[in-house]
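Shown next, in structure tokens, is the structure this report addresses.
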Amino acid sequence: MKFSKDDTLAVKGIAILMMYIHHQFLNGDRYKGYYVNFFPFSESQVQYVAGFFKICVGMFVFLTAYGMTISFNNKCKEYILTRKQTLTIIANRYISLMSGYFVIFVVSQLYSWNGQRQLRIYGKEKSSIWYFFIDFFGLAKIFDTPTFNATWWYMSLAIVIILIMPLLYRWYGKDGILVVFASILLPRALGLEILDLTRWLLAITLGIYFADRNILVRLKQMYICKSKTINKMIKFCCATAILILLVLIRQSKIGPKFIDIWDCVIPAYVVYYCFEFVIDITCIRKILVLLGKHSMNMFLSHTFFRAIYFPDFIYSFKYAWLDTLVLIIITFILSIIIEFLKETLKYNKIIDNIKLKTTEYIMNQ
């Protein structure tokens, strides 16, 4: 047994659903001026859960580190990557990441055909050209420059993760699990401000450790008693109780004080919980895998519908669950169209050729 690519996609499908709920109902400002019925829950209950669903960021970070670690383990021995291997992995990961982003970026710019949003975001000065290209390469959050879509801040973090993963992997090869503890203690010892990298650094090192030690599978295969049915029931009850406790802790007054810990430990735990109890449910697995495959496009595009261009439409369906479902369906259909066009126009083959040429260039140096 292993935590497969389809398992990863299914968990990403869950994470993208969490992100939608988080963004739509985090607080009243998100749907101010619109009537939203939260039946069968109260508004405060939905906001409480939406606040907790911020952990979706940590889940994506954890899964990225997990996947890269598996790739590293398949390419090298004793946790040592050669310079060419490192450059190749970084280059190909960056190209893969940005190839999806570029499409949404260009489409969104073309949709704002009259340029009014560009002028409002990037300005009219000469610096606006630099702002545009910084945003184009996903670096706006790093350089603290304007971005066409506030949700795209994650691109900067994703790029940083790609760049530092080989270093963290090498460090893990030398010191093992100590790297996990160091990622908790060092930022505090050095008095570093909790920014994006320091907030989710622990999720990266946990992803490395879980992947290398096959923790997810080992937890799933753990038996408390001989009966499979009783064992599953006991594990489900215990795991659910722990999950509820973690939710209460994160959302309590103590939560913000240790947010860099909760938003890394809890996502890792939720990934395990989903792997153990959720994604194998036959009737929803295929749907979750499909959402996971389209999660990148959905993440990059949903804010345009929810908050920028069509909020009147998205929040017009009266019920919170229906507003969310409509947003999911629209962005999912958009993603299908985008992927169809990419395939038709041979965009994916072009990207594959760029990656191949990049690899050849690096290996021949």
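Glycine residues also receive a Cβ, built from the backbone N, Cα and C atoms like all the rest.
Note that TrEMBL annotation is computational and uncurated.
The domain 'Acyltransferase 3' annotation in TrEMBL covers 11-338.
Among residues of the same chain six or more beyond the transmembrane segment (9-26), those with a C-beta under 8 A of the stretch's C-beta atoms are 36, 38, 46-47, 49-51, 53-57, 59-60, 63, 151, 271, 274-275, 278-279, 285, 287-293, 295, 298-299, 302-303, 306-307, 314, 320, 323-324, 327-328. Per TrEMBL, the feature transmembrane segment maps to 9-26 (among others).
What TrEMBL lists as transmembrane segment is 46-66 (among others).
Feature annotation from TrEMBL assigns transmembrane segment to 87-108 (among others).
Residues annotated as transmembrane segment in TrEMBL: 151-169 (among others).
Residues or ranges marked as transmembrane segment by TrEMBL: 189-212 (among others).
Marked as transmembrane segment by TrEMBL: 233-252 (among others).
Per TrEMBL, the feature transmembrane segment maps to 258-275 (among others).
Look at TrEMBL and you will find 287-309 (among others) tagged as transmembrane segment. Listed by sequence, the residues of this chain that lie at least six past the ends of the transmembrane segment (287-309) yet keep a Cβ under 8 A from its Cβ atoms are 6, 8-17, 19-20, 23-24, 30, 100-101, 103-105, 108, 111, 117, 149-152, 154, 279, 327-328, 330-332, 334-336, 338-339.
Annotated transmembrane segment per TrEMBL: 321-341 (among others), in sequence order. Sequence-remote contacts of a segment are chain residues at least 6 beyond its ends whose Cβ falls under 8 Å from one of its Cβ atoms, and for the transmembrane segment (321-341) they are 17, 20-21, 24, 31, 36, 103-104, 107, 291, 294, 297-298, 301-302, 305-306, 313-315, 347.
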Distal contacts, the transmembrane segment (87-108) - CB-CB under 8 A, six or more residues away: 68, 71-72, 75, 81, 135-138, 148-149, 152, 155, 158-159, 162-163, 166, 296-297, 300-301, 304, 338, 342, 347, 351, 354-355, 358-359, 362-363
The transmembrane segment (258-275) and the transmembrane segment (151-169) contact flag, 3+ Cβ pairs under 8 angstroms: no
